[in-house]
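Sequence annotations record features per position, and here TrEMBL assigns domain 'EamA' to 2-132, 154-292. Look at TrEMBL and you will find 6-25, 37-57, 63-81, 93-110, 116-135, 156-177, 189-207, 219-241, 247-268, 275-293 tagged as transmembrane segment.
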């Protein structure tokens, strides 16, 4: 069951990305992130209050809030800005670089040993990202998700920033979890800290952070489904997998999101993905699995 739950988490993240893609492009990545996070925070807060899951040590709070600032405020905002510029397929493949980034940061900060297999995995991720970005689109693909808004290199840079900040946020949250902090409470605190920063940015930069489009039922529904699948159900399944089986295997299986995204996008857009999209996603996932299993 743990393996199925981990694969279910990857599927939830892939589907959440598809729900987010059009809404993020219509609203703008910053506005989409702000309102989506408000929904997710309300949902998680209700769950925490109902279940009574509040076990977080006071001395862990500063680092958790800093983790929320980097991993959720900057990381998620950059992620959805990337999605609004490059679409879900390219965003998903760029986000796979968070695995080698985590390896590099762990080596720099915690002096963790670098295994040869993990380094090979880092190389596979890099090759996969290159193939998926450069050769991942056929000339006759016209769906809006394959369009690039703005400069491609700018979108790639923002996507890599998202992956880096997610890696930093993950490393910051690790000590609290090792101290026995409740994962749901940790997630709620991190999102709460990110919300404070998001609404501060809204007050300081109203023109740059406002929504490009007035909210309607369709946008609200897409934001809710993206948040529910990506942060509520997906994370719950992953935590269940961690508690019931091997953490390494569960993490590896949950990293298959880029491969799952390709057929889902095919189903929704009704455009067959380019061969490079499949190969790039496969390389990135294979590299991520090697990294996770040999850290």
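From the backbone N, Cα and C atoms, a Cβ is placed for every residue, glycine too.
Just so it is clear, the model here is predicted, and its values are computed rather than measured.
Counting same-chain residues at least six beyond the ends of the transmembrane segment (37-57), those with a Cβ under 8 angstroms from any Cβ of the stretch are 64, 72, 76, 176, 179-182, 184-189, 191-192, 194-195, 198, 223-224, 227-228, 231-232. Proximity of the transmembrane segment (93-110) to the transmembrane segment (6-25) is not established, fewer than 3 Cβ-Cβ distances being under 8 Å for residue pairs spaced 6 or more apart. Long-range contacts of the transmembrane segment (6-25) within its own chain (CB-CB distance under 8 A, at least 6 residues past either end) are made by residues 32-33, 36, 80-81, 83-84, 87-88, 91-92, 144-145, 149, 219, 222-223, 225-231, 233-235, 237-238, 241, 245, 249-257, 260-261, 264-265, 268. When pLDDT is averaged over the domain 'EamA' (2-132), the result is 89.
Residue counts for the domain 'EamA' (154-292) by DSSP state, with H, G and I taken as helix and E and B as strand, are 118 helix, 0 strand, 21 coil. Break the domain 'EamA' (2-132) down by DSSP state and the numbers are 117 helix, 0 strand, 14 coil.
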